[in-house]
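Working notes, structure below.
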Amino acid sequence: MELTFVGLLFTPKEPKRSRIGEKMSSQAATKVCDSVLVSNLPPSSFRSSSQLSSSHAPGFAKLNRRDGAGGWSPLTSDRYQWLQVDLGERTKITAVATQGRYGSSDWLTTYLLMFSDTGHNWKQYRQEDSIGSFPGNSNADNVVQYKLQQPAVARFLRLIPLDWNPSGRIGLRLETYGCPYSSDVVSFDGASSLVFRLSPEPRRVSKQIVSLKFKTLRNSGTLLHAEGKDGLSLNLQLERGKLLLLRQGSSSSSDVRELASLGSLLDDQHWHHIVLEQRNGQLNLTVDKHTETVHIPEEFHLWVFQQLNVGAIPNPAASKKSFHGCLENLLHNNINLIELAKRGDHQATVQGKVTFSCAEPVSVAVTFPGPHSFLQLPWTTPSTSGGVSVGFQFRTWNKAGLLLTFDLPRQGGVAWLYLSEARLTMQIHKGGRALLELSAGLALNDGQWHSVDLTSRRGHLTLSVDGQEGGVAHASPSFPVSISSQVFFGGCPAEDDSQECENPFNIFQGCMRLLALDNQPVDMIMVQQRLVGNYSQLQMDMCGIIDRCSPSHCEHGGQCSQSWTNFHCNCSNSGYSGATCHSSVHEQSCEAYKHNGNTSGYFYIDVDGSGPIKPQLVFCNMTDVNTWMEIQHNNTELTKVRSSPGVNQHLVHFDYMSEEEQLLSIVDQSEHCQQELSYHCRKSRLLNTQEGSPFSWWLGGPGSGRAQTYWGGAHPDSQQCSCGLQGDCVDPQHYCNCDADRLEWSEDSGLLTHKASLPVRSLVLGDVQRPGSEAAYRVGPLRCHGDRNFWNAAFFNKETSYLHFPTFHGELSADISFFFKTTTSFGVFLENLGIKDFIRIELSSPTQVVFSFDVGNGPLEVRVDSSVLLNDNRWHRVRAERNVKEASLRVDELPVATQEAPADGHIHLQLNSQLFIGGTASRQRGFRGCIRSLQLNGVTLDLEERAKITPGVRPGCPGHCSSYGSLCQNQGRCVEKPNSFHCDCSSSAYTGVFCQTEVSASFKSGTSIVYVFKEPYELSRNRSDLPSSIYSDTIIGGENVSLSFRTTQSPALLLFIRSHYRGYLALLINQHDELELRYELDSSIEAEVLRSSVRGLANGHLHTVTVRKRMDSVSVQVDNNNREEFNLTSDGEFSSMESLVLGQVQDADDLDPDLARLGSLGFTGCLSVVQFNSISPLKAALLHPSTSPVVISGPLVQSSCGSSASANPYAAENTHHLSDRAGSVGSGQPLVNAMKTDSALIGGVIAVVIFVIVTTLAVTARFLYRRKETYQTQEVKGVKQEDSQDFPYNSQADPQNVSRENPKEFFI
């Protein structure tokens, strides 16, 4: 195929003859090329596969003629028929027209179009690189003309019917349109070349262009070697059927680097067009219709061709890389170099045998498209000869498939030659078992031609691939290998009654050529005419292989692999997903991650979605107010300036972890960005000088940045610091503290918030060289919050309202994503129309979203059905994608629905109308509701700006808590914001962006938190301006208590609440590691004790307790155990609360002795998320100590010990009782003079020994005398204090506290 823009690219200053020739060439290029080509041809120019009669001969197949039977019809109507036209010479063909046979019911409905220069080696013309068929006629008289998207240059044209009128037969009249084509051709034999020494240009040229066309059967060879000054050169070289652009340096021949690789299967003996254009620092390489741009090294920027070697490189040792084939129309800056060589111009030198014509070898290939393709050939050599010789070449993309099979006449077995895992394998079977197996070759599914030779002579079997290079396998079977009568290539007949062929392997899909049986080549033309052998579903005289990975449809670095009929993209580690690695798997901002329920952490951000910018790793800081995106650079620390002798200025450059496009996109889409800039100085002035120019400045913004003369906290272009703006500089005569030039350390710091000046790229510090000058600087990370794209929304309040935008261009890949919420049952979200193509997404019912489109293959639909209503006025996310392989649709987190694209169908989506959002061009079935964050191929449409000027549409869309309120956890309350929402955690014992972070603290024995309840009048007065976790009323008639703890202490007091009436509520762990709840509603009523049956709570693991009391009913739940129900003897209220204590109870004189003893020894362990009714005392003490009614004593350390994921801080400790801690030193007492003399040390050792002996005796006595205790059940009424067995303190220091019911327990 040909591209005709070469002559227009560059106009050098040449003599008059060249300029005139160029002008004529330009005029010819713009000349209309639509002359009729067939009507005036003689009947001898027409050929066909067959004819129904002499009056149906192919010579009558001329458009609008009624000669003979009114057109051509073959003898039988099947897909093996063809009509061929010889145009007499190579001609440029631009259009084809067809018509049925006159006065009949015979016409074609679809057909294939083939072109050839020689009448062999046909090439199928394809639209859009995939569509092979053309639309035909619907009757016998109307003419259907198809204009070729790319003109074809050929001498022969062949039309192959695919489908025809089912009520008639094949009937055809045709015409082709075009114009004459002239060219200069040269042929190389692999040992010849042309050398052109180019005259120097009269002036410097801004670009150079070399263009040519070539054809070859060899997959390797040098086409062009361009050499310039200093020995620098560029090579265009074929390697395995691909075109490589190589750069060769002047230092040595081994200094070769590949710049580009383009094209594939270029060894198909068809013309391919190449353009190499150099424009200053870049090269554009075009092969056929595909162009790749390469940025070349700086030494090539002004590089000029001085010599061109065509067909070979100057090094004679590399002759094996010389080109073997034909070149056509070789132009350098519009100068015809082949014409120079033909004239014998002094600039051209012919080396070797060069002919100015193209002698093409005839090689008839055959294509096995499958699935029922086979070729059957007779074996004419007598089987008594005992020899076998079969040879052929093949090319394929498939790893497996049967290549050859035949029967063994003497053994009654069968031989198979097949591909398995891209290796060639030979097997001989008999009676269900393998008698012989050979393997050779590797990776034979690479699309290259591979030769196969199978020979058997005198008991020796040899299988070779690609001669000696590919691999050879030998065997000496004990039986002769011979062929009975038939050889089958590629497969077996679908119905083989004679059982002469069986194929237990996959079918072969690929091409074969140069078939030889018994060293005799097979005449494939006779096979095509069915004079020899038999075949089915073959494409004769052509190789129909297609490289579906060149160019690759896999985006974003996805790896392409292919089979004969399909390709696959491996998207691993690319950050993208889908059939073509088109859609990003990452969100576009931290804001989007937050609304997926994520908390602070590192995330990959893809700022343009499916666009070209790569994902980047950033830190997302999800705070209660904003969601910050932080981008680090190479130095965010406070850094002291080190002066260098002889250098007046200190330059600092900052390298960011994100690439340039990523940085600019983040700044652009964020609502607010800021960066800290600070300068610490001592006799080092910053901005102001006597003449007005600053000592120091910074550069910020896109690229390398623009100079900025203001400092952090000030306005752009103000040449001030923050103190100058606020009027509080240390010297009122200056606008910066450092400009006072004092000996004391000063500081100028603040935030830079002008987005156009961010990020900071570099600092230039000037006043750092004077004696006594000292300075330090800090540039913080770039921090941005808010996503203008994520919240860009519009509300459509009428069914006839819509927004319109320019046409959506998503020819090969299109992805669309948006959020919607509505209360209506249907509506079109988006529609864009073409002449026939369209794309549309709509809500078709309250539970169904439909993605429909047409790219020329007929309308297709992808549907997602939801089990829940989608018109519930909540945000729902829609993601649709269409590419060359499939279309997909996803709604929320429902399973993805997909629809595969038709095989070899149209792939380009061609739209030309406006893009309608929220409605259609017909103004029917419009959408009523909100659409937000609408993105097409990663680009966000600005719905809000367009809505401001559109009737029936309002910008923005409030009401986010209905959709995102569930993210607020643990009694957090969702609060609406204009854009986004906020979780109010004031009523929760948790904190964090979603009230998900537990508030925990580590307690020591002396730690105490006392929460003082306010009187009702104080409460009402203060409630409006303080969070409810600090001030809150109590629930009348009941209490709710919840907390988590982790401890190894038993017994232990977890929580204690006292009232003004000397009543109390105590939650504790008793000595049996059980949870116990004590209620004393009034001092006149004895305490009631409620015990949970769950044991082992002092095991150092995290446990959660929930207590609920309503009237006289109490429920207790520990962890995930069943809830336990209790009843109190009194239904009185626990009211007039005075204080709540966590940890040590310091004022316990009015309590009973057991509880007072326990409270005085405090709690050691972890308490977390403590909540009493709506009060969170631990949260108040840790987060609001200055504004809360709390008193904190002893050490209190906030930690993550209350997290279920945190390590057990007590895992190394043994369970201990409070008696083990008797007499311990308080945590607040310093240990001074702990060791003064040796006598003290000896006395201490003796004391320890005595203590150990006494403790051992005590434990032994307890074991001997302890009796089994009887515990009260949950139905106990009016429990007396002396009946409790839970606090027998193991302390000999306080014998009065020993339980009266067990006097023997501690007797020694």
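Glycine too: its Cβ is placed from the backbone N, Cα and C atoms.
Computed from a predicted structure; not experimentally measured.
Note: TrEMBL links Cys957 through a disulfide bond to Cys930 (candidates: Cys930, Cys974, Cys983). Counting Cβ pairs under 8 Å that are 6 or more residues apart, the domain 'Laminin G' (364-543) and the domain 'Laminin G' (1001-1201) reach fewer than 3 and are not in contact. Sequence-distant neighbours of Cys930 (disulfide bond) (same chain, 6+ residues apart, CB-CB distance under 8 A): Ala793, Ala794, Phe795, Phe796, Phe819, Phe820, Lys821, Thr822, Cys957. Cβ-based neighbour count (10 Å, all protein chains) for Cys957 (disulfide bond) stands at 24.
Among the stretches 29-179, 185-358, 1001-1201, the one making the largest number of Cβ pairs under 8 Å with the domain 'Laminin G' (792-957) is 29-179.
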